[in-house]
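When I checked Swiss-Prot for this same protein, it listed these features:
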BINDING   G189, P190, P191, G192, T193, G194, K195, T196  ATP binding site
Amino acid sequence: MSLEELEAMDQSNPGEFLERVREKIRMLNSETRILQSRVNTIKHDISTKNASIAENMERIRLNKQLPYLVGNVVEVLDEHSGVVNASTRMSSYLPITGLIPNSELRPGDLVALHKDTNIVFEKLPPDYDMKVGGMVLKSDAKPDETYEDIGGLERQIEELNEAIVLSLTHPERFEKLNIKPPKGVLMYGPPGTGKTLMARACASKTNATFLKLAGPQLVQMYIGDGARLVRDAFALAKERKPTIIFIDEIDAIGAKRSDSDQTGDREVQRTMLELLNQLDGFSSSEEVKIIAATNRVDILDPALLRSGRLDRKIEFPLPNTLGRKRILQIHARKMSVRDDVNFDELARSTEGFNGAQCKAVCVEAGMAALRKEKTEISQNDFMDGIQEVLSRKKSKLLYFT
């Protein structure tokens, strides 16, 4: 009944109006009691469900304290069901996979399974070898070397930038020209010419994950271990891309294959074959780049050097006079050096020195000044350092039995 009708009734018949109001109040009170009863029922249901949830959470907590079975996801069938393979080598179909949504599971994922029901409790980290995980440099442990710390290698820096840095930071430039960037780079040259330093400077130039391998580390005692390390390293690189894989002293596993029947030689060849397989297993646009370094390029297997694997070869020769001057200035810039030191003369006096020996000259010059209790390093101290390094270079060790 509307407000106008009530007002009209109030004026015509006051008694009927009051009765209608009382009836309306009784109806509202009845509806209020019904709604209050429903509210109480809902509160009771919520309390019961909360108690059930708390009980189930406690059961899950207790179950999580039990040992898990480690298994793999074989197939995700739909949004609820899937097939898992437990470590007991038993495959199980799960109508409901468990606590992890199927949208987060992929075939091959490592998962923790309940030992009785095989339902999935947790998604585990990928199963990489601990040695491979330790080769990844953390963000706070990345190399701090820069190209300014390298002297006499301007052409090599440009070539490495084109092949590695540019393809990771500006891949659209290659797409515009419809060309594929190189997969990897081989740096070769005499020892001490800056190959490892160049790789470290390249890693600091990009925000890519830096995975450092060493050839001797990949030579393992047991059959298949070296190949597994290579396989795990590339799998980890693809997961954490963009990634730079630096393989130092690649000649330890990349030497030319022979007909040797020795077990050790066959294991090294098996490791190299796995490396070749991994180099062929990804495209140059997958944001995984390889930098390899060696001072024995003459013994490397031709299969490793062919195009499509290590596409670009960069030679690191001994520095010339200008390069040696630049290297000496770089290593002496933070030292207390007198203003009259002639680096041109020092560079001419270090004919045949590599970059590491030029650094050693600066160290020996500092030691010579330290012995004389000087506060600054002079030209004569540098000449003494050159003589010291030169004597080590020409010395011969005689062994007597």
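Each residue, glycine too, has its Cβ placed from N, Cα and C.
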Please list residues from the chain of T196 (ATP binding site) whose Cβ is under 8 angstroms from its Cβ, counting only those at least six apart in sequence.
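Once residues fewer than 6 apart are set aside, T196 (ATP binding site) is near D248, A293.
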If you draw a 10 Å sphere around the Cβ of K195 (ATP binding site), how many other Cβ atoms fall inside it, taking every protein chain shown into account?
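Its Cβ has 27 other Cβ atoms within 10 Å.
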Whose Cβ lies within 8 Å of the mean position of the Cβ atoms of G189, P190, P191, G192, T193, G194, K195, T196, the ATP site, other than those residues?
A293, N295, F316, N354, G355, A356
Sort out the sequence-distant neighbours of G194 (ATP binding site) for me: same chain, 6+ apart, CB within less than 8 Å of its CB, listed by position.
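Same-chain residues close to G194 (ATP binding site) (Cβ under 8 Å, separated by 6 or more) are I150, L153, Q156, F316, G355.
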Secondary structure at G192 (ATP binding site) (DSSP, helix/strand/coil)?
coil
Counting only residues 6+ away in sequence within the same chain, which have a CB under 8 Å from the CB of P191 (ATP binding site)?
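Listed in sequence order: N295, N354, A356.
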Can you check which residues sit near P190 (ATP binding site), meaning Cβ under 8 Å from its Cβ, same chain, 6 or more apart in sequence, and list them in order?
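When sequence neighbours closer than 6 are ignored, P190 (ATP binding site) has N295, F316, P317, L318, N354 within Cβ distance under 8 Å.
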Using all protein chains shown, find which of the binding-site residues G189, G192, T193 scores highest when you count other CB atoms within 10 A of its CB.
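Of G189, G192, T193, the one with the most crowded Cβ is T193.
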